[in-house]
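Colleague: Can you read through this structure? Questions will come right after.
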Amino acid sequence: MDTKIGSLDTCRPTSNDMINPTNGAVSAIQSSVSPTLINASESTLGRHLARRLVQIGVTDVFSVPGDFNLTLLDDLIAEPELNLIGCCNELNAGYAADGYARSRGVGACVVTFTVGGLSVLNAIAGAYSENLPVICIVGGPNSNDYGTSRILHHTIGLPDFSQELRCFQTVTCFQAVVNNLEDAHELIDTAISTALKESKPVYISVSCNLSAIPHPTFSREPVPFSLTPKLSNKMGLEAAVEAAAAFLNKAVKPVLVGGPKLRSAHAGEAFVELADACGYALAIMPSAKGLVPEHHPHFIGTYWGAVSTAFCAEIVESADAYLFAGPIFNDYSSVGYSLLLKKEKAIIVQPDRVVIANGPAFGCILMKDFLKALAKRLKCNTTAYDNYHRIFVPEGQPLKSAPKEPLRVNVLFQHIQKMLSSDTAVIAETGDSWFNCLKLKLPRGCGYEFQMQYGSIGWSVGATLGYAQAVPEKRVLAFIGDGSFQVTVQDVSTMLRCGQNTIIFLINNGGYTIEVEIHDGPYNVIKNWNYTGLVDAIHNGEGKCWTAKVFCEEDLIEAIETATGPKKDSLCFIEVIVHKDDTSKELLEWGSRVSAANSRPPNPQ
């Protein structure tokens, strides 16, 4: 059965298995089309694109104006259900679309040709690495300039307009260059449908002189087109389930581990269904935090090798069988390739493929189909969880702070834990925030996002903007290091313009601490800023903003009480001053292992 996308009465439908992500996205489906005719002024390419965005659940588009996209921006503004959000730079607009897609299921940004496109490219690459459908729209050159030898501004001075396109080809799953009206409808629809099917970014370039021109293909409400759902090979699925069930049912203490591709496979519910049925101990990889409910009765924590949460690695690595659903094993997630796992004990389930130990591999099998079918074939076995429960010792509490003692990071996160609820979401920046936030216990419904595969420093500022815009009912808590904040601080301005009430915890420890623990040098020390003063200057009396500088636990308690009380409707910026060497023990261990992996000598030639 095809899934159809078309005109909607609302931009936020309730469900869509085809394009609805694990953590509650919004995307649009419709099985019928309205024959409503559109007047000529609205039957333009730009208005068609705007309506398509609304139909798939995008109600906010992040943009930076440039002369090649200005007319297109007019068309987007004219769409009553679309909100155009101007960002301070293209990189942050891309990061915002990334954050938006994590919550809403799809995001979009609009920039100008080449000078804007190459600026947003880094953010689109990050979205590609994290399997996020982001629609990257570029205002392109005048259609009459294609095929000429003219040299245009915003380019590198060559009469070849394809530089931007070639750059995007490696970080998007489809590229559409719209430089005539005849096939514009088809190209735009194909690009959007491909992004949704592949859960990857796409690139759409629209010639600057075409957006406002009416055309017969846009004279009606957009005609529905079909997203043909991927289907599992039934015989292959049965064979894979039979082999996996035989493998796991003979194991003494098997475990389940969830990975980050649960999101793109839309298999989170199926994974929990499997966990409920089999009774195995349930862990997550670090980049999957937030995709699996941590209140599950058999949840044992985050598996990250030597830096796992307490007693989790011991249970996973001592198991005689483990099923990994949607894992990514890179040098970071494997802690410098130091995981104590054995291939012959593992079942690896990817979005469309299952590999069982050293034995057979099965293709054309959807992860969620496999997990649901497997749940019906496994014997209940709680041995691994029983062992975990037997050896588990609750975490100790940080040493009590002396009056006015300089604040320690472990004390900070003890108080952060108390702030979390179903009405909050956590955004963790690359750095020690990864390790401190991973130790937080997420209550039911609490969102959590970080960018582990790409690890772009500064990602969280734009991502916080986008995520908060997508779910205004949640209060976002963002944890950002001072080094990362210096990269992308500008779009705190946009948060204020949008009236967001995010709480930003700026952890000021004087540099790039995560780099220090991998390999130290003077380049890891940065110029200290008056961060609260900077945010106050950005605020400039427009919008609701409150700032505080915290030096000790007493300051922190007071700041949190204010941010969650009298200033709950304001953007709150809390600068936390900590010692430059105050890092989590996990970062110390992880940094030394990653450093060892980076420092391996060349193999003999």
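Using N, Cα and C of the backbone, Cβ positions are placed for all residues, glycine too.
In case it's useful when we look at the structure, here is the feature table from TrEMBL:
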DOMAIN    44-153  domain 'Thiamine pyrophosphate enzyme N-terminal TPP-binding'
DOMAIN    241-358  domain 'Thiamine pyrophosphate enzyme central'
DOMAIN    451-576  domain 'Thiamine pyrophosphate enzyme TPP-binding'
BINDING   Asp482, Asn509, Gly511  Mg(2+) binding site
Colleague: Note down the number of other Cβ atoms within 10 Å of the Cβ of Asn509 (Mg(2+) binding site), including every protein chain shown.
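Modeller: The answer is 21.
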Colleague: How many neighbouring Cβ atoms, not counting its own, are there within 10 Å of the Cβ of Asp482 (Mg(2+) binding site)?
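Modeller: A count of 24.
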Colleague: Would you report the average pLDDT that the model assigns to the domain 'Thiamine pyrophosphate enzyme central' (241-358)?
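Modeller: Average per-residue pLDDT within the domain 'Thiamine pyrophosphate enzyme central' (241-358): 96.
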Colleague: Please list, for the domain 'Thiamine pyrophosphate enzyme TPP-binding' (451-576), how many residues fall into helix, strand and coil according to DSSP.
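Modeller: Helix (H, G, I), strand (E, B), coil: 58 helix, 28 strand, 40 coil.
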Colleague: Tell me the residue counts in helix, strand and coil for the domain 'Thiamine pyrophosphate enzyme N-terminal TPP-binding' (44-153), as DSSP assigns them.
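Modeller: Secondary-structure breakdown of the domain 'Thiamine pyrophosphate enzyme N-terminal TPP-binding' (44-153): 51 helix, 22 strand, 37 coil.
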